[in-house]
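S.K.: This is the structure I have questions about; it appears just below.
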Amino acid sequence: MMLLIPVVAVCLFGLTMSYKVEPLPDSYAGLGEGPHWDVARQSLYYVDLEAGSLLRYDYAQNKVYKTKIEGETLAGFVLPVEGRPQEFAVGCGRRVVIVNWDGVSPSAKVVRTLFEVQPLMDKNRLNDAKVDPRGRFFGGTMRYIGDEFEFRHGELYRWEAGGQVSVIKGDVGISNGLAWDEKAKKFYYIDTTDYEVKSYDYNFETGVATNPKVIFNLRKNSPKDHLLPDGLTIDTEGNLYVATFNGATIYKVNPNTGKILLEIKFPTKQITSAAFGGPNLDILYVTTAAKFDQPAPAGTTYKVTGLNATGYPGVNLKV
């Protein structure tokens, strides 16, 4: 039976907005992450991170396909490779590998390693990653074994075809959401353990980010009540959509003022990430998790319609 959350009316600053949250069929992922909308295939790719699995939601078929990467236990993200329809860059442990998958088969294979980070940090793993509008890789690591809030041994990286991996930022707890705004010349980044979203001035020709500034703070009066920002996406008007891992909510935020424009509510707590997609790029696809014995419908992937907003498709990685 499909669970349909009725249209919700939200009034902020005197405005009324309604939206609808619906589950995608058979879309469960124990730790769903990394949603990426592929325009060419009209499909949403995402991962079940701790199962080493990739998933593809086919919009036309309204069906989810799932594959297990042979020999791998982790899949932090999935990024289609430019010009190679069956190749994807995937974060397996601390390696970025190229996986061959036809989008249908129940198994997929690693064909080569693109690069590796922190080879001696065996308690770390790659987490979220995206491709900037010019085709560069951006992604980071986190502590996988132990307390990632205490051991800030993660880093944020940049890589582009023909070049070496560059460390953009150290002292990272949980490297997470990323987004770019070409109009505003900005890069946005989340380290979950900072409880905030930062903006950077961004040079799209060089891929260099400078001048970090906190633009959205998710701290509450008591540390135990702090919201945990996770994944991130942006719409064509420059508003951010911030997923909260412990908040059952995605916050639509104006990055210029830090004001919350909309609170998008879900029937499960651990909201991990979001990406716009669909034929008109006006559907917000949302991944969730079922960690720490969260009850159903935890782990379901959702679509949100009626937001009166459009976003950007995912960018393929140039290798």
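Glycine is treated like the rest: Cβ placed from N, Cα and C.
Okay, so TrEMBL annotates it like this:
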ACT_SITE  ASP230  active site, proton donor/acceptor
BINDING   GLU33, ASN176, ASP230  divalent metal cation binding site
BINDING   ARG125, ASN127  substrate binding site
DOMAIN    31-289  domain 'SMP-30/Gluconolactonase/LRE-like region'
SIGNAL    1-18  signal peptide
S.K.: Out of the recorded positions GLU33, ASN176, ASP230, give me the one sitting nearest to ARG125 (substrate binding site) by CA distance.
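M.R.: When the Cα distances are compared, ASN176 comes out closest.
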S.K.: To the nearest Å, how far is the Cα of ASN127 (substrate binding site) from the Cα of ASN176 (divalent metal cation binding site)?
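M.R.: Spelling it out, the Cα of ASN127 (substrate binding site) and the Cα of ASN176 (divalent metal cation binding site) are 7 Å apart.
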S.K.: So how many other Cβ atoms are close to GLU33 (divalent metal cation binding site), meaning within 10 Å of its Cβ?
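M.R.: Cβ-Cβ neighbours of GLU33 (divalent metal cation binding site) within 10 Å number 27.
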S.K.: Count, for each of the binding-site residues ASN127, ASN176, the other C-beta atoms lying within 10 angstroms of its own C-beta, and report the residue with the smallest count.
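M.R.: If we count Cβ atoms within 10 Å for the binding-site residues ASN127, ASN176, the smallest count is at ASN127.
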S.K.: Setting GLU33, ASN176, ASP230 aside, what same-chain residues sit with their Cβ within 8 Å of the center of the Cβ atoms that define the divalent metal cation site, listed in sequence order?
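M.R.: Going along the sequence, the neighbours appear as GLY34, ASN127, ASP128, ILE174, GLY177, ILE190, THR192, GLY231, ALA243, PHE245, THR272, SER273.
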S.K.: For the residue listed as 'active site, proton donor/acceptor' and ASN176 (divalent metal cation binding site), what Cα-Cα distance in Å is obtained after rounding to a whole number?
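M.R.: Between the alpha carbons of the residue listed as 'active site, proton donor/acceptor' and ASN176 (divalent metal cation binding site) there are 6 Å.
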S.K.: Averaged over the whole of the domain 'SMP-30/Gluconolactonase/LRE-like region' (31-289), what is the pLDDT?
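M.R.: Summarising the domain 'SMP-30/Gluconolactonase/LRE-like region' (31-289) by its mean pLDDT gives 97.
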S.K.: Provide the number of Cβ atoms within 10 Å of the Cβ of ARG125 (substrate binding site), excluding the reference atom itself.
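M.R.: Result for ARG125 (substrate binding site): 24 neighbouring Cβ atoms inside 10 Å.
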